[in-house]
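Just below is one structure, and these are the notes that go with it.
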Amino acid sequence: MSGVATIGFGAMARSLAESLGRDPRAPQITDCLLRPGAAGPSGLRLHHRAETLIDARPALVVECAGPAAIAEHGPALLSAGIDLAIVSVGALCDDALHARLLCAARDGGAQMLPVTGAIGGLDLLEAARLAGLDSVTYRGIKPPPAWAGSPAEQLIDLGALRGATVFYRGTARQAAGAFPKNANVAAAAALAGTGLDATQVELVADPEATGNRHEILARGAFGEMRFEVTNRPLPGNPRTSWLAALSVEALVRAHAGR
């Protein structure tokens, strides 16, 4: 096995390919799985069926195409013994899909690698869980324009806010259903901590926010933890977190040992 493949070739996959391409020592993107009929970048082997990608035997496949792509292609790739990095971690809120992926990974002897993306500190949360966690809360704070096009528009008047406004509270599982495009960080925190049904989520629109801010607050036998990250967008794509893209690249490099 050699090379890295992506599912999809949007902003994050393009950024990954360009960054790795600037380093001759780094693993390179060699293959791309796209929807039937979709055009792709030149210089890569393009696939429109998972079967042909499996035949190419990449060392790692990076999902950059959303939850539906994981459900469609993830089990087959893992069953074939190909490691799969999952960017759309919110897809794992579907218990049945999560179980299918775990079973396929076990049967194929492959690794399922959720990408922590736009937030850090999850290794500490996993460690704290060993002694017992009493509560974990994830807060997602964005400037009002960043919530445009989301269900937030139906809950508050984004153009009339004068201060930070919490417009949604629920569990991580509920938030994933209500705000699927904003589910990845909450899901990652939940899976590392108290689980999807015990992790609380608050979504906030703040006119004074200078970027997308993610906060994790946890309490337990270990004490208390507060972790905060303010992300800048990926250059050239304001809807993609730069840190999330860098997290994917770090995982690819670590997987290859370089």
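Cβ atoms here come from the backbone N, Cα and C positions, even for glycine.
Annotations in TrEMBL come from automatic prediction, not curation.
The domain 'Aspartate/homoserine dehydrogenase NAD-binding' annotation in TrEMBL covers 45-112. Summarising the annotation, TrEMBL assigns NAD(+) binding site to ALA118, ASN184. For 163-248, the entry in TrEMBL reads domain 'Aspartate dehydrogenase'. Per TrEMBL, active site is recorded for HIS214.
For ALA118 (NAD(+) binding site), the count of additional Cβ atoms within 10 Å of its Cβ stands at 23 [all protein chains shown]. When secondary structure is read from DSSP and collapsed to three states, ALA118 (NAD(+) binding site) falls in the coil class. DSSP assigns ASN184 (NAD(+) binding site) to a helix. Summarised by DSSP class, the composition of the domain 'Aspartate dehydrogenase' (163-248) is 26 helix, 38 strand, 22 coil. In the predicted structure, the domain 'Aspartate dehydrogenase' (163-248) carries a mean pLDDT of 92.
Sequence-distant contacts of ASN184 (NAD(+) binding site), defined by Cβ-Cβ distance under 8 angstroms and a gap of at least six in the same chain, are VAL87, SER88, VAL89, GLY90, GLY117, ALA118, ALA244.
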